[in-house]
Amino acid sequence: MILVVYSLTLQTQSEFDCTGHHCLECGGRNVRKQIKNIEKMKLSEERRSMLHGILLMALFACAAFYIGEMNWVKALSLSPLVVGIILGMLYANSLRNNLPDTWVPGITFSSKRILRFGIILYGFKLSFQDVVAVGFPAIVIDAIVVVVTILLGVFVGRLLKMDRSIALLTACGSAICGAAAVMGVDGAIRPKPYKTAVAVATVVIFGTLSMFLYPILYRAGIFNLPADQMGIFAGATIHEVAHVVGAGNAMGAAISDSAIIVKMIRVMMLVPVLLVIAFIVAKDVASRADGNGKTKINVPWFAILFLVVIGFNSLDLLPGNIVEFINTLDTFLLTMAMTALGAETSIDKFKKAGFKPFLLAAILYVWLIGGGYCLAKYLVPVLV
């Protein structure tokens, strides 16, 4: 207290000492200094509030990891990412109204920035050696499935007069790697969070269905394919990596190993897809703005870095335990992002999106099963 009074006394004395032009200069400096101090205080408060939102998402991610270790959750092969978005959606439709508005930027940060960093680190789960291991037929089948599924999704979305962002997100999630692909495309086109969550919900539903349906139809003899072709079929058509693992294990090790590798090749195709989407979005924005032909491409650098990380991981420079730690950290970060997306998704927003996203996902699902089966049965033997 004494120090405060003393400092005020000195300040008052200095004000009395200033006269004329010097007084104005001194006053101006004091005003500028006070403005800077206020700005610093505001910035500090904003960062603190953002940190609260980020820590809340981290807490949810910890809960998702804990729930994901439960036996019944493992039996369903639900990854922490899926558990995270479910927890986020439960929160959005129950306690979200009690959340301080100042915490919202932290949730947005988790669904955007942390998401992109998580996509980059996802590259440590892949290597170019995986591509060589399964050979040329798997690459061709994956490429056909990805391209046709995305084009079909966009086309059917227009027929259904759907929101373009939801149609594209749903198509890419079905075509590439489920929720991870949806989040990757989210970073390129930047839609409203609830649109991303709706797309994630569609791929999770049909991916989970595949995990149970594929083994049943395989054992029943309806999927009448040799183990290597069945592995290609499963890896090229099932949505999530976790779902591929679950379905593959239920059909045997021979099918599981090839299915997972084929799935990882599909994941790698996220990079060229994101680059193409970024280019198309940039051209569309430019044509709507002024039509002068100037196009600024918003390059999804996280996709480029994702590919760089895959290349680095292919060199096998890091010890296995470090790579394992990075993969665990990556899953945690992606779970935070998924939880944040769920926290932005209320039932009202699902009602706003309507049934069309699920109808689109169902149509794409029929194509993946029917078209993918025909490709695996008739095209793979030709390419071998």
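Every residue, even glycine, has its Cβ placed from backbone N, Cα and C.
What TrEMBL says about this one:
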- 50-67: transmembrane segment (TRANSMEM)
- 73-93: transmembrane segment (TRANSMEM)
- 138-159: transmembrane segment (TRANSMEM)
- 166-185: transmembrane segment (TRANSMEM)
- 197-218: transmembrane segment (TRANSMEM)
- 260-281: transmembrane segment (TRANSMEM)
- 301-319: transmembrane segment (TRANSMEM)
- 325-346: transmembrane segment (TRANSMEM)
- 358-380: transmembrane segment (TRANSMEM)
Stretch in 73-93, 325-346, 358-380 most in contact with the transmembrane segment (138-159), if contact is a CB pair under 8 A: 358-380
Criterion met for the transmembrane segment (73-93) and the transmembrane segment (260-281) (at least three Cβ pairs under 8 Å): no
Sequence-remote partners of the transmembrane segment (301-319) [C-beta within less than 8 Å, at least six residues beyond its ends]: 116-117, 119-124, 126-129, 184, 187-188, 268, 270-271, 274-275, 326
